[in-house]
Each structure stands twice: as C-alpha cells, then as structure tokens.
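Feature annotation from Swiss-Prot assigns ATP binding site to Tyr7, Asn47, Asp74, Gly114, Leu115, His116, Gly117, Val118, Gly119, Ala120, Lys341. Summarising the annotation, Swiss-Prot assigns Mg(2+) 1 binding site to Glu430, Asp503. Per Swiss-Prot, the feature Mg(2+) 2 binding site maps to Asp503, Asp505; the stated evidence is sequence analysis. Marked as compositional bias 'Basic and acidic residues' by Swiss-Prot: 387-398. Under the heading domain 'Toprim', Swiss-Prot lists 424-538, citing sequence analysis as support. Positions annotated as region 'Disordered' by Swiss-Prot: 386-416. If you look up Swiss-Prot, you'll see Lys455, Asn458, His510, Arg626 marked as site 'Interaction with DNA'.
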Amino acid sequence: MNKQNNYSDDSIQVLEGLEAVRKRPGMYIGSTDKRGLHHLVYEIVDNSVDEVLNGYGNEIDVTINKDGSISIEDNGRGMPTGIHKSGKPTVEVIFTVLHAGGKFGQGGYKTSGGLHGVGASVVNALSEWLEVEIHRDGSIYHQSFKNGGSPSSGLVKKGKTKKTGTKVTFKPDDTIFKASTSFNFDVLSERLQESAFLLKNLKITLNDLRSGKERQEHYHYEEGIKEFVSYVNEGKEVLHDVATFSGEANGIEVDVAFQYNDQYSESILSFVNNVRTKDGGTHEVGFKTAMTRVFNDYARRINELKTKDKNLDGNDIREGLTAVVSVRIPEELLQFEGQTKSKLGTSEARSAVDSVVADKLPFYLEEKGQLSKSLVKKAIKAQQAREAARKAREDARSGKKNKRKDTLLSGKLTPAQSKNTEKNELYLVEGDSAGGSAKLGRDRKFQAILPLRGKVINTEKARLEDIFKNEEINTIIHTIGAGVGTDFKIEDSNYNRVIIMTDADTDGAHIQVLLLTFFFKYMKPLVQAGRVFIALPPLYKLEKGKGKTKRVEYAWTDEELNKLQKELGKGFTLQRYKGLGEMNPEQLWETTMNPETRTLIRVQVEDEVRSSKRVTTLMGDKVQPRREWIEKHVEFGMQEDQSILDNSEVQVLENDQFDEEEI
C-alpha cells in the first residue's frame, strides 16, 4: 500500500482543540434535541462506513445496550494504536482533539464523507462516558474516557485476537441532552438502512437490548441503490422497473437509479461518499440538467414536441420521479457549500454526473420506446397542470383585485390589521362556531382567522386539477398567497406562521392530517422552514371557589389533570372540552392563542424519505399497507380521544419561547 492510503499514526492530523464543544454543542451536531442525540451515533457509524467505502471490512453492528448506552462495532482495520507525532497515544488524539482524523490531507482515505473526522472527539465531549476497543495487529486494545472526554485510563493491551476492527461504546451526557438521552430504534433504523442501500457489500445489524424493547434488524442489499428506489416507492403505483446507470468521469464515480410513479411530486435523494446531501448541490444539478436535455431531445425526435413548441421544463419532466444519485469523490476534489456540509460544491461533480446520464439515458429511452413515449406525454400533462398552478399563484398575488377580494367578501377570512408578514399568523380553524370564538378572542393586529367549513380533500390521492376545485384548499392557497407546488415561493407568504387549530377528537385529528398532507406535498418549503404549527387547546378546565377566591386551571394531559386535582383538593368542578366551540373567546385566547401562554407543536420534517413513505402508507390508495401499519403501531382501547402529547415523538414548544437550537 502506498503512503497516500496508509492509515497509520502519522496519517492522523490535528487541527485544533476541543474546549468549545460542550459550551456550544449546536455548532458541531446541529442541536441538543433528539436529532442531535442521534447525530452522535451517525458520526461514529460514518467513520465505520468510510472504512468499508475504502475497501476495509464489510460489517457494522449497532447495539442499544440495557443501560441506554450504544455500541458501534466494525470489522475494518482498527484505529491506529501507536504514539502520534504529538507525543500522545493516537487513540487519545482521535478522541480528545477536535479535527483529528485520518481524513484531513488524504493521509488514510481516498474517499470519505469529509466532515466525519471530527466525529469521535465530538461524541466523546458530549458523553457521560466512552469506551473504545480496538482489534489490530493481533492484539486487543482498550481505552476509556469520562465526564465529557477526560481519559480515565491509558491505552491498555488486553489480549490477543485474530480479528480486526473498532468498537466504540458511549452514553450521552444528560446535562447536555436535557430533553432525552433515549435512542429511538426507528430513527436509527432509517439512517442505517440508507447506508446499507448505498454500499452493496455492507451488512449492518441493529440490536435493541433494552427491557421491553428487544428487537433486531439486518440490512444488506445486493442490488444497492436499485433496491433503495424500490423501497422509497413502496406503496405507490410505479410505471416501470427501476433503471440504473453507473460510470466514471473526472475521477468521480457516479451511480444513478430512478423510477417513475403515478404521483405528482419528485423525490431526488443525493449522496456524496455515502453522506446525504439534503440541500443537493452540483451532482444533483448535473443529473437534472442532463435529464431535462435528453428528454427534450427525445420528445422532439418522436415528434411529441413540434418545432414551434417550447421545451419541457425540468419540473414537468421530473413529476412523479424517484431517483437516487450517489457520487464518490476523491478527497482533494471534495468541496461543500457552507458549514452544514449538506450541499455539494465540487464543480467537477456536475459535469461528471451530466456526462454519465447524457451517455446512458438516450439508449434507455430508445430501448423502452413505449414507456418513454408515455413519460413524455406525462410531462406534457404536467406542464399544463403547472400552467394552472401558475394562474392560481398569479390570482393570489393580485388578490387585492380578484380572488382574494372574493375570499374576503365571502366572509371566510378575517384578516390581520398589520401588513407585517414577518409577524402575522394565520389560524386555520375547524368549524364556524370555533371560528367565531377565535375571531373575537384573537389579537387583531397580527392574527388572521380562516374557518374551515367544508371537507378538505385528501391531496395524496387527488389530481392537481381536482385540488384546485376543492374550495377549502383553494381558499388556503389564495390566503397564504405564495403559490402552490413547484411554483410555491416561501418569501411571498403573507404569514410567518400557519397554525392548525382543531377539536381534540378524532375528527379534529383527521383534519390536521389532511392539512399536513397538503402542506407536505404542495407547500413543503413552509414545513421545512418550521412555519407550520398545531395549536394545543386544553382537554380539561378545573374551577374552584367563587368571586375573588375563584381559581381556574387548565390541563392538557391526564397527568396534569391528576396533579391539579390533588393540588385543588375537594370541591372543584371539572369540564372535559370536546370542542373548541365550548370555550368562550377569552378562554380560547388565554389557553390557545396568546403567545405568552399558549402551547404550539412545530411540524418538522426530519427524514424526508420516512415522512413521504408514511404519508403514502396512511393517506394513499392501497388499503393493505395501511392496515398492516395500523395493526403494528396502534393500540386500540375504550377511550377514543387522547392528547397528542401522549405521543413520545412530539416535542412541544411552550409559550413561544423557541430555543435557538430547536428552530
């Protein structure tokens, strides 16, 4: 092996100290909520994946232990166990110095995720304790750390071994992760499965040893990203078998897989050296550019587009497309835009992906002539639907004259007095009676009320033209005023927050789900920006005493109710709210609309693949997947209504005091 790829003690480079990590963890892992907690695991897992990516090892085991700690074990080369040029044991350098890793300066890896060299030390800094066990050069080595990264032992040789690899076990520090230090099996599962899809020869096992939660899953996909696309499209009506292309250009390896379904939204998942690039980048641009050019050339060749016709827009060509674009870029070419590393900036990646797709796609279209013709016709229909969407957007923009004027005159929208779109809020309220209370109870300056009277359409099943015909959805589109679908522009929104306020019963929950499905599919940037909320009206009102000694309390959960009952003692009256209309305007303001006292749930998309699959399963045409999901996840009891707070996945933002790291 040449020096370029020699994973040794000298290939570990040190850039800076670790002191700031515990003070500002958000800078290193994004947040200290459940996303940040799970990010710790990904940092260590991605180091193991980098070993596999570079041809060392093929197995990774992740185990949630009984005590709540987690272990990540691989069968790679094992971390270097000698003395680093700085004079300290190399293992200690890797786990205690920020930016110490084999990925800086091409010392140990040809390709890697680029940002994961910081991983081990950051995880150590944010852990109550951490232990590392290394199998290398015939020996087993062990070192432990405690209290956020301080070595509690030196590197100790424990015995002999024929294996190679690294095992890291750590317990997150509950003084850093105050919300929870409990790992979620399903969240880890999605991410680990993703890694297995991207590397054909990688086998991953996920174990949960916690009492009452025992579970095990294995991930190994011999057909790689082809199976990834099938997985994403599960439950959807697909139009053809998955197509795959591979090639190399500019020293960059390119893998592409795609499949069309009968839906109206596109889903492109892009990766660089097995790391997800959520914000896309040059590789995604290359894919889209080549696809648009090749499709238009083909459409003209088969005479579906005439000389006088405009080219098809890329958005129309990609309607209903699911694609995975995976590139492997040498370390010296790897560039990201911004600090988050979620957008690729390597210019060579654009031409590499463009070249591979432009080379392979024309042959595929010629070979599948009948399918290709139907895909072109599908794109032409999408173009027509987009024109309708553009018209709706223009109507909304000129609302002072036309559509919005009609909306206002019809008595639906009660607007806010202020024109400050940075502060204004739109409440979507279930029913007229609650809408009346909300109108009277609101702060007129910045809160607008839109009562929903009719049936909200299920936008997962409906065609785009039918969505525009639905009065409730159409009113929402015009009220928000930022367009819809691919033409949605978040900067044009009339409101900083859209708040869904429904009764605390199954009908109210159904309306919430229908509205969230619409926002997720057709106003996704609004959800991604964290600007869609669910209002949380109380379930109970407790009243005791009269006159000046009268005390009124509200409870949002049964737990809060029990606490208040004990606190108030005997002699109180209890009211169970079944609907928003049972509250007078003052009560509705105080409990649900006043920014000083209300509780809101922010709707967030943490994993787009997972979210999209759930929407398809629960809101799509196919009954069997929905039945199976419900039977697996829903416990049926006598009580029909329960608080959304009973869901452990919900994180509540109270009194509008949003933590910087949660936004």
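Cβ atoms here come from the backbone N, Cα and C positions, even for glycine.
Mapped onto this structure are the features recorded in Swiss-Prot.
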residue : record                      : CB count, 10 Å
Asp74   : ATP binding site            : 28
Gly119  : ATP binding site            : 25
Glu430  : Mg(2+) 1 binding site       : 26
Lys455  : site 'Interaction with DNA' : 11
Asn458  : site 'Interaction with DNA' : 17
Asp503  : Mg(2+) 1 binding site       : 20
Asp505  : Mg(2+) 2 binding site       : 15
His510  : site 'Interaction with DNA' : 14
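The DSSP secondary structure for His510 (site 'Interaction with DNA') is helix. Taken residue by residue with DSSP, Asn458 (site 'Interaction with DNA') is part of neither helix nor strand, so it is coil. Across the domain 'Toprim' (424-538), DSSP assigns 54 helix, 21 strand, 40 coil.
If you take the Cα of His510 (site 'Interaction with DNA') and the Cα of Asp74 (ATP binding site), they are about 45 angstrom apart, rounded to a whole number. Secondary structure at Gly119 (ATP binding site), as computed by DSSP, is helix.
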